[in-house]
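If you check TrEMBL, you get these features:
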type: ACT_SITE; residues: His100; note: active site
type: ACT_SITE; residues: Asp103; note: active site
type: BINDING; residues: Glu231, Glu267, Asp295, Asp338; note: Mg(2+) 1 binding site
type: BINDING; residues: Glu267, His270, Asp306, Asp308; note: Mg(2+) 2 binding site
Amino acid sequence: MSTGFFDDIAKIAYEGPDSDNPLAFRHYNPDEKVLGRRMEDHLRFAVCYWHNFVWPGNDPFGGQTFERPWFGETMELARLKADVAFEMFDILGAPFYTFHDHDVRPEGETYKESVARLDEIADYFAGKMENGGPKLLWGTANLFSNRRYMAGAATNPNPEVFAYAAATVKACMDVTKRLGGQNYVLWGGREGYETLLNTDMGRELDQLGRFLTMVVDYKHKIGFEGTILVEPKPQEPTKHQYDFDVATVYGFLKRYGLENEVKVNIEQGHAILAGHSFEHELALAGALGILGSIDVNRNDYQSGWDTDQFPNNTPEVALAYYHVLQQGGFTTGGTNFDAKLRRQSLDPEDLIAAHVGGMDVCARGLKAAARMVEDKALSGPLEERYAGWRDAEAQAMLKGERTLEQIADRVAKEGIEPQPVSGRQERLENIVNRYV
Ligand code: XLS
Ligand code: NI
Ligand code: NI
């Protein structure tokens, strides 16, 4: 039986670009083939639990603005929340969802009670996931909201907090595996510092390295086939977060020997906070072989906060998917809407409209990116730019078959004097604009 929360909003259908129905897809057409793969299988959309069903609309200057019938700390309300959530996944035709333990059940008085409640709600989810229901893109543990984590989880100066966090992650991995989750995410919300005056950075990094190593060991022990993903973010809530950006995470993984075990979940807003573009982070992760999944959203470019708005900039999204496609597309990863309404958007319909718009922008971006791939619009010029490296002598230098002295001899003997060529940036920008 329906909860009635979404009233008479019907399942969203694809109606094509000319439709004037505010609750229809104009671009997202799940079965349409893009580069030989169904659009739904390319984009692998996930709806997140926390922004939609947990956040009350507060900001630093004001409290709750949303009034939702499931707000409250009982298991009965947690089931009502699940009923509404799965109704929304169904209305949107979202193939996946994501959650933190903290989002889906009230925390218990003890660790044991919290785990029992998580297990109970996971059973409830399992029932809703049967018969073609949505799948779990990833699960994660909230290791940042409770005051016990104020000085970090794995990086806490108190080993009891480290142990509590480890126990909590174990329980969340168990549930993620049981629900067939395709990834497990670790975002280190408070794994960082507020001030170096009370922080031993080397020690904290070693704690984090140990923690992640145990997560990987446990994944293998229980035969979890999903991918372990770390989600970089430079700051907020801490002043400095250890998983600053893709480059920093890669260095960290290398140091602890985890670079073949762990990939990254890259979020647009976090890239911006780190002073990068989204495509910078995606291209770098691709180059390093650790691109796993994306959290799509957008930050306000003036405010400087992680505003988690729904994506609405097609050219930006197109370049993001271009880099995803360059990596062969998603395998276990997908497109998670880590995005929330503005606090004045009170209506149930706002929740649906926000996702419909976001899904359409992503679909448009994907289609534009696919056409650029097909036409070799960017890869052609790129190949040409590096064409000199195909030369046998150039290859010999790269393979380590030449020394500095040998190269110096050749440059002198052949009288090599390199001539600069145009980088053609504006011409390439014009090309991209023809597609988006
Ligand atoms: C917060 C993060 C968080 C993760 C999951 O900024 O984006 O929502 O995606 O813990
Ligand atoms: Ni975020
Ligand atoms: Ni995120």
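Yeah, the Cβs are placed from backbone N, Cα and C, and that goes for glycine too.
Any TrEMBL annotation is an automated prediction that lacks curation.
A map of TrEMBL features onto the structure.
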residue: His100; record: active site; DSSP class: strand
residue: Glu231; record: Mg(2+) 1 binding site; DSSP class: strand
residue: Glu267; record: Mg(2+) 1 binding site; DSSP class: strand
residue: Asp295; record: Mg(2+) 1 binding site; DSSP class: strand
residue: Asp306; record: Mg(2+) 2 binding site; DSSP class: coil
residue: Asp338; record: Mg(2+) 1 binding site; DSSP class: coil
* Among the binding-site residues His270, Asp306, Asp308, report those whose Cα falls within 10 Å of that of Asp338 (Mg(2+) 1 binding site); none is a fine answer. => Asp308
* Asked: Do any of the recorded positions Asp103, Glu231, Asp308, Asp338 touch ligand 1, in the sense that the CB is under 6 Å from one of its atoms?
  -> Glu231, Asp338
* Just name the winner among Glu267, Asp306, Asp338 (the binding-site residues) by count of other CB atoms within 10 A of its CB. => Glu267
* Structure fact -> Among recorded positions His100, Glu267, Asp295, Asp338, close to ligand 3 by Cβ (under 6 Å) are Glu267, Asp295, Asp338
* Rounded to the nearest angstrom, how far is the Cα of Asp103 (active site) from the Cα of Asp308 (Mg(2+) 2 binding site)? -> 17
* To do: Determine, to the nearest whole angstrom, how far the Cα atom of Asp103 (active site) is from the Cα atom of Glu231 (Mg(2+) 1 binding site).
  => 18
* **Neighbourhood of ligand 2 - recorded positions from His100, Asp103, Glu231 with Cβ under 6 Å** => none
* When the number of other CB atoms within 10 A of each residue's CB is tallied over all shown chains, which of the recorded positions His100, His270 has the maximum? -> His270
